Amino acid sequence: MSRVTIKSPAEVAKAREAGKLVAELLAMIGEYVKPGVSTEELDARCHEYIVKVQKAKPANVGYYGYPKTICASVNQVVCHGIPSPKHILNDGDIINIDVAVIKNGWHGDSSRMYFVGEPAAEARRLVETCYDATVAGIRAVRPGASLGDVGHAIQTITEGAGFSVVREYCGHGIGKVYHEEPEVLHYGRPGIGMKLKPGMVFTIEPMINAGKAGTRQLGDGWTVVTQDGSWSAQWEHMVAVTEEGYEVLTPWPDGLHGYPAIG
């Protein structure tokens, strides 16, 4: 990764434009997440929407050799699930769709969870806890706060609910470069780590497991699953540090499907 870049207001506006596109995409695809649909179909719809409707570029395609537009991570898949025509969604599944676009040279990156049909109560609690933890991390962002404050807020919510925070993967700076400094850990101690300054732009994207925090990568070189087979959830937003606090650059335009607004 490169050094931390401080974005000017004009540059934050460009990041905001890209962030809006991924938020719109994640809202669009929701109606297609249902039993009987393949993750390949979801990927194809997202790719077409980015290219033909948004006139943007899918950032994931070819990134370090990644073959698809979205990451589709179902149930025990923690992250980087590769869409496949063989992976058919079933009633009760949970799925994270993670997508990034490039618009006018700037990256937008976000992910959200979807229920396939009606989830079990514990699956719903996992997803909702992860959302609450993500929101807590975002609300810790302000000038002078530390990255440890952000991680601690996420960890406190997660572990308080009896779940675990994945350690191997983290949020990241973003802008003209897809992944740049800082690394945003989703656990930590208050007051520890880099101090936040206005103009920083990064993602907050905790992955939490219903069981233990351990993960392993499958033989495809991408798909990461929980070691113990427990289910996993993740939400992701792009956030800019402002003079007053923070701005979410990937706000959802569809009423959040019942999830409370971040503010």
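Cβ coordinates come from backbone N, Cα and C, glycine included.
Computed from a predicted structure; not experimentally measured.
What TrEMBL lists as substrate binding site is HIS80, HIS179. For ASP98, ASP109, GLU236, the entry in TrEMBL reads divalent metal cation 1 binding site. Residues annotated as divalent metal cation 2 binding site in TrEMBL: ASP109, HIS172, GLU205, GLU236. Residues annotated as domain 'Peptidase M24' in TrEMBL: 14-243.
GLU236 (divalent metal cation 1 binding site) falls within a strand segment according to DSSP. Taken residue by residue with DSSP, ASP98 (divalent metal cation 1 binding site) is part of a strand.
Rounded to a whole number, the C-alpha distance linking ASP109 (divalent metal cation 1 binding site) with HIS80 (substrate binding site) is 14 angstrom.
When the CA atoms are compared, the binding-site residues lying within 10 A of HIS80 (substrate binding site) are ASP98, out of the candidates ASP98, HIS172, GLU205. Listed in chain order, the residues near the divalent metal cation 2 site other than ASP109, HIS172, GLU205, GLU236 are ASP98, SER110, SER111, GLY171, ILE174, PHE202, THR203, ILE204, HIS237, MET238, each with its Cβ within 8 Å of the site Cβ centroid. Within its own chain, GLU236 (divalent metal cation 1 binding site) has ASP98, ASP109, SER110, SER111, ARG112, THR134, GLY171, THR203, ILE204, GLU205, THR250 as residues 6 or more apart in sequence whose C-beta sits under 8 angstroms from its own. In this view, ASP109 (divalent metal cation 1 binding site) is surrounded by 27 other Cβ atoms within 10 Å of its Cβ, with every protein chain counted.
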